[in-house]
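Noted in TrEMBL for the protein shown:
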- E16, D17, D40: divalent metal cation binding site (BINDING)
- 41-330: domain 'Malic enzyme NAD-binding' (DOMAIN)
- N216, N261: (S)-malate binding site (BINDING)
Amino acid sequence: MEAVFTRWPKAIVQFEDFQMKWAFETLERYRKKFCMFNDDIQGTAGVALAGLLGTVRAQGRPLSDFVKQKIVVVGAGSAGLGVLSTAVQAAARITGNDETAAKKQFFLLDKDGLVTKERKNLDPAAAPFAKHPGEIEGLREGATLTEVVRKIKPHVLLGLSGVGGIFNEEVGSLLPAFPLSYNFVSLKIFIVLLKAVLKAMRESESTKPAIFAMSNPTMNAECTAAEAFKHAGDNIVFASGSPFENVDLGNGKIGYVNQANNMYLFPGIGLGTLYSGARFISDGMLQAAAECLASYMTDEEVQKGILYPSIGSIRHITAEVGAAVLRAAVAEELAEGHGDMGPRELKHMSKEETVQYVTRNMWFPVYSPLVHEK
């Protein structure tokens, strides 16, 4: 890192695909020293946060109601913990309270079930989100996903586990009980239990429950879009990390699939950081990016369950996100300017002018011919 920034002092470094231990360690080591971010942790978290805020809008509620949403997160790797951390920060920022109060609405599960303070060998990275026994009456350390969903009745079920079909959790524990040539009755029982988690989401306290199966590639998705709409109900909001086709619900209704792709944020984060001349990338800049994406869609689109823009809008949303990041850097007095545009000039730009500034400085893949054509 020191060599990179010695050679290119204005560079922005994007980290990706590090193991969880090194991902968090390098982020904490370098984030205030160099201009860098980890896309697996912070990019994924920003896109997920935008989706979570979008689900609040889909319920017809103001974004301030985000703090009232009960959210179950399945997966305690770098992506899952990154989403949790960012969502808790956003909730604390909205209420003006500390993060301790905001954490009460979030529930974390890993491969051993619900994570609590009673967990032996509790991972230090997951420890801040572990529940105290008194907070979860009726649930124990290691409670299964189905037990948690049935008890909590969450507004959002979010998976970043990397385990395909984990929302079908009873399957693994029941398979040993069935002989290889089980009869029709056993098969019927198997199918009923197969979708227990998704069916439990029908009891959600939300008028429009959200299911985010964000692991990729497709084989690692916690469930498919078709499974989610079939078993959790037509009135859900669905997002995924992998591409799925929209689902035909019949009677002219469509179940929209939202692919929560980091491409919606990281180009704008890079552009906004570069052209603000920010010394480092702050949590406030990242939250500004997520909030910009969350507010991009119209109310009509959100009511249909559409949370993210189409790929055809990627340059426009990137300009909007970049401008939001730039303005946040200016507001936090992190901006040092870029080229002929100093911090004073940036400070006096209107919102529209910041969008135009970022757009003008985008790169377009247009090349001059190298061979003379007769």
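From the backbone N, Cα and C atoms, a Cβ is placed for every residue, glycine too.
When each of the binding-site residues E16, D17, D40 is scored by how many other Cβ atoms sit within 10 Å of its Cβ, D17 comes out lowest. Nearest to N261 ((S)-malate binding site) in space, judged by Cα atoms and limited to the binding-site residues E16, D17, D40, is D40. In this view, N261 ((S)-malate binding site) is surrounded by 19 other Cβ atoms within 10 Å of its Cβ, with every protein chain counted. Summarising the environment of N216 ((S)-malate binding site), the number of other Cβ atoms within 10 Å of its Cβ, over all protein chains shown, is 17.
Same-chain residues that are not part of E16, D17, D40 yet have a Cβ within 8 Å of the Cβ center of the divalent metal cation site turn out to be F15, F18, A23, N38, D39. Over the domain 'Malic enzyme NAD-binding' (41-330), the average per-residue pLDDT in this prediction is 88. Here D40 (divalent metal cation binding site) is positioned 12 angstrom away from N216 ((S)-malate binding site), judged by their C-alpha atoms.
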